[in-house]
Amino acid sequence: MSDTIAAIATAHGVGSISIVRLSGERALEFALKLSHKTKLTPRHATFTKLFNQNNEIIDEAIMIYFKAPYSFTGEDIVEFQTHGGFSVSEVLLEELVSLGARLALAGEFSKRACLNGKMTPLKALNIQDLILSKSALAAKIIARNMQGNLGELLEKIRTDLVKTLAFVETSIDYADDDLPSDLLEQISTMCEENSKILKEIYTLSQSKKGLIEGFKIAIVGKPNVGKSSLLNALLSYERAIVSDIAGTTRDTIEENFKLGTHLLRIIDTAGIRESKDVIEQIGVALSKKSLEDADIILAVFDASRVQDKEDEKIFDLLANTDKKIFWILNKSDLENVFKNTQNKNFIKLSAQKDITLLKEELQNYLNSFDSEGIMVSSLDLINACKISSEAIFRAKGLLEESSLELFAFELNLAINELARFTKDFQRDEILDEMFGNFCLGK
C-alpha cells in the first residue's frame, strides 16, 4: 500500500460540488504542489486555487487534510471539494495521476481502512449497504447495525470459541489429562448458547429480509381477471396493457413502488391456464417461478365470472405455499356471480376504481414486521452465521462423544467464518472480492 491512490468520490453528473479523494504517503505532497501552499493544518478547511503543472488554474476549491493515522483509511488523506459537473473533477484527477497518484480500484479506500485497522469488514459492508439502501426503513436498520452491536456480538462469540479451542487443543496435546467435567459442561453450554444466537441472527435476517431489500409481491390469477389493472392501480400509472383479450400479458412485468416506509417489488404475471401457445406456456412457467420467489402473493379472481376449473387450478397451486396470500375478488362493482367455495377471506374491490382497502391491508401486514433486533443484509454474512451455527452445534455433539480432534476442527471452521467479518483480515484475495463491488472513491 505504498502507492497513493485517487478517485472521484461523488456521483458523476451535474451538481453543485464534486469531491476528489486522495490517500497515501504522498497525498500531502501532491496537495501542496496543486495549491502552491507550504503547509496544511490537519482537519482545517482551506479555500484555495488549484493549479496544474503549467501553472494554469484548474479551479477554486476547499481542501481538507487528514493526517495519518487519524483518517478514514488510516493514511494521509486529502479531499478536494471542487465545483460540480463533468469536467473539473476529471481534470483534477488527471493532474493527480500525472503527479504520481494511481487511480483507485473500486472499494480500495475502504479496503485500506480495513487493512489499517480503522474498521472491520463488517462495518465496511454496512456502509456499502447504507449507500445502496432503497428506503428510509432500510437505512434505519442498517445504520443501527453500524453502531457496533452486531460486530461486538460476533467478536464476543469468536473470542469465546478461540478461548475454548485453546483449552481443548491443550487437552489434545496432553492426552493423559482429561478435561474436568465442570469445564466440559461449561463448554457444552457455551456451544449451545452461541449456536442458538447465530441461528437466530440468520433466521431472523432471512425472514425479514424484505424490510431491507424490499418485499417481492406477485400478482397471480387466470387470464383476464384484472391483474394488469391491479398493477397499474398500485403503481398509480399505466404500466401494463389492459385488454379484454385473455393472454394479453405473456411475460412478467416488474416494477418498484413504495407503500408507506416500505419498498415493494411488484410482479404482474401471465395468466395461468392450459395453453397450446408456446409463448404463453413460457409466460405461465415464469409466473410459477415468480410465485416461488415472492414474499407476498396477491391471488386475483373475477367476481363477475362463475368459478371454473382455471380458478380451481389457482387454488390448488397456492394450497401448500407458506407465503402470505391476499385473496382478492376483483370487479366487485359488477354483478357478483363468483361462489366462494373455498371460504377464503376475500378483499372485494374494483382495480379500475378503488383499491384503498387492499393498500390498507398490505400496509398493516408490512407494519406487523418488527424492525427491531439484529438483522443482516449481507448474504455472505448470513451464510457465515449459518455455517458457524451449524459447526458449533456439531462440535457440541462431538464434545459429548469425546471426539476432541473433530470438535477442534468444527470450532476452527466457525472461528474462521466469523473472523472474516470481525477482525483484521489479511487475505487480500478475499478482500479484493468483497470490496470489488464498492463505489469508486469509497
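Numbering starts at 1 and runs along the chain as it is shown here.
Including glycine, each Cβ sits where the backbone N, Cα and C put it.
Annotated features, as they stand in Swiss-Prot:
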type	residues	note
BINDING	Arg21, Glu79, Lys118, Lys442	(6S)-5-formyl-5,6,7,8-tetrahydrofolate binding site
BINDING	Asn224, Ser243, Ile245, Thr248	K(+) binding site
BINDING	Ser228, Thr249	Mg(2+) binding site
DOMAIN	214-367	domain 'TrmE-type G'
In the structure shown, which of the binding-site residues Asn224, Ser228 has the fewest Cβ neighbours within 10 Å?
-> Asn224
Measure from the Cβ of Glu79 ((6S)-5-formyl-5,6,7,8-tetrahydrofolate binding site) and count the other Cβ atoms within 10 Å, all protein chains considered.
-> 22
Fewest C-beta neighbours within 10 angstroms among the binding-site residues Arg21, Lys118 belongs to Lys118
Cα-Cα distance linking Ser228 (Mg(2+) binding site) and Lys118 ((6S)-5-formyl-5,6,7,8-tetrahydrofolate binding site), given in Å to the nearest integer | 51
Whole-number Å distance between the CA of Asn224 (K(+) binding site) and the CA of Arg21 ((6S)-5-formyl-5,6,7,8-tetrahydrofolate binding site)?
-> 56
Helix, strand or coil at Glu79 ((6S)-5-formyl-5,6,7,8-tetrahydrofolate binding site) [DSSP, three-state] = strand
Collapsed DSSP category at Asn224 (K(+) binding site) | coil
Restricting attention to the domain 'TrmE-type G' (214-367), give the mean pLDDT.
-> 78
Look up Lys118 ((6S)-5-formyl-5,6,7,8-tetrahydrofolate binding site) in the DSSP assignment and reduce it to helix, strand or coil.
-> coil
